[in-house]
Amino acid sequence: MKKISLPKIGIRPVIDGRRMGVRESLEEQTMNMAKATAALITEKIRHACGAQVECVIADTCIAGMAESAACEEKFSSQNVGVTITVTPCWCYGSETIDMDPMRPKAIWGFNGTERPGAVYLAAALAAHSQKGIPAFSIYGHDVQDADDTSIPADVEEKLLRFARAGLAVASMKGKSYLSVGGVSMGIAGSIVDHNFFESWLGMKVQAVDMTELRRRIDQKIYDEAELEMALAWADKNFRYGEDQNASQYKRNEAQNRAVLKESLLMAMCIRDMMQGNKTLADKGLVEESLGYNAIAAGFQGQRHWTDQYPNGDTAEALLNSSFDWNGVREPFVVATENDSLNGVAMLFGHQLTGTAQIFADVRTYWSPEAVERVTGQALSGLAEHGIIHLINSGSAALDGACKQRDSEGKPTMKPHWEISQQEADACLAATEWCPAIHEYFRGGGYSSRFLTEGGVPFTMTRVNIIKGLGPVLQIAEGWSVELPKAMHDQLDARTNSTWPTTWFAPRLTGKGPFTDVYSVMANWGANHGVLTIGHVGADFITLAAMLRIPVCMHNVEEAKIYRPSAWAAHGMDIEGQDYRACQNYGPLYKR
């Protein structure tokens, strides 16, 4: 079966069409703007899979309807999913704009004095607003000379932010969310909303009962040679932690081996269900070999599976990580308990950064007073105002131990194409695999246990659905925190010390939900959240605006907020603008 091609970014150089001197004098400068934009994007951005982003430039500069149509024909044939229009001069507004209502679009008007690029930018944006097709404005802060071919830093920042978010939109369109199972323990996010996926993300939902996973395991619908490789890899790399179960619930060596085997098989089969596996076709299992074209998935697990079979912790942790027995590779997006809305936040984070995501319960707010009462020690540094305990039963990406290193030697989580095998091994070495607690998981399993290194910048996100309003996005930038060992051990033991922990301190603003750490916890909209590496809340805000998902909570600096120009016409309060604009335009793929 032919592999689906990756979306490309189309560059549209537009120009003043008057011949006899005007157009001729602008051709080279205009096309050079397009080439410079393409070169910047190709150099600085990759797809989430690690592939280089391909830019497609119109064959000619665009002066009017005919050349605009020719450009559109070229883009349509080359899977262009995002467009950037560039110009240093006046052009004919509505005659030259990109009219595709579902394709993210931006316009860069060169800030120069010789020709009025700003005037075209304003005229074109007015046309976009009047026609109900929002576009992003890019206009440099400082005037440039006509022969200056450099891209100013502020223009570069907007071009790249737009491109990252636009590619995320284009990459999700046409894919599916694989819902393995149904509603887990009444968790609202696992009440999978097909309309949300279809109307806001352009995705489908593939609902599959957990018996399909059981069938694949029992009937050996998997690569048996790969299973042996996975088992050998686990034998070499897994370090087992304490079994805290009562003696009557402890398993013997043979039983533990069977649990490990099934856990690895679950990872393989969920992966195959998501993306397919041509090895299955070689076994005559052509239908199963195709997969479900899933860019994200969720596994219900609790309780209808986990009361009888090994839990999904090992499978989810390995799939969500940037490495396994096949080496370093792109992480998958698999939501615990089939929390599809947390899965979407994971998907956003992965598409924007190319990194693995940490799925966690937003479990406990620890005030400075409570910590001192319990441990006899005071919180300090980033943690001085209190911390949030992010912990789940073991499905977080192993990258979350932060044993990878950036260019300055600091702990981080890298895009998978930058991760060395040594860094992957370090993450594995920092992880213990603890037998699942019987009271929670009667069918057994292994939970990954690690502690995230401190001082690492993170962005915590969550998508919620509000009846009568639709989806909203929450964002909280902050840092992981390293606690003194004795303090960590005492606090961790009060929850479940066999699970992975991140101590998180959000950046406070003194206002609203970021008045203090307690307010962040109190305003969080659900029991789950996602950690994405870096302070990338601004990218999430831009992506949300493209999809028409309002942001109900964030602590991103106002100067970094980048939304379509038409948002400014929806009032003077920028967050109110966001709500009104999203309501006015409706979901991107509304029918």
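Glycine residues also receive a Cβ, built from the backbone N, Cα and C atoms like all the rest.
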**OP:** Check Swiss-Prot for me: it has Glu337, His528 binding Mn(2+), so pick out which one of Asp307, Asp361, Asp489, Asp492 it puts in that same site.
**Re:** Asp361
**OP:** Provide the number of Cβ atoms within 10 Å of the Cβ of Glu337 (active site, proton acceptor), excluding the reference atom itself.
**Re:** 29
Subject >> Reduced DSSP assignment, Asp361 (Mn(2+) binding site) >> reply: strand
Original post:
DSSP three-state call for His528 (Mn(2+) binding site): helix, strand or coil?
Top reply: strand
Subject >> Cβ-based neighbourhood (8 Å from the centroid) of the Mn(2+) site, residues Glu337, Asp361, His528 excluded >> reply: Ile187, Gly189, Thr336, Asp339, Asn342, Phe359, Ala360, Asn392, Ala526, Asn527
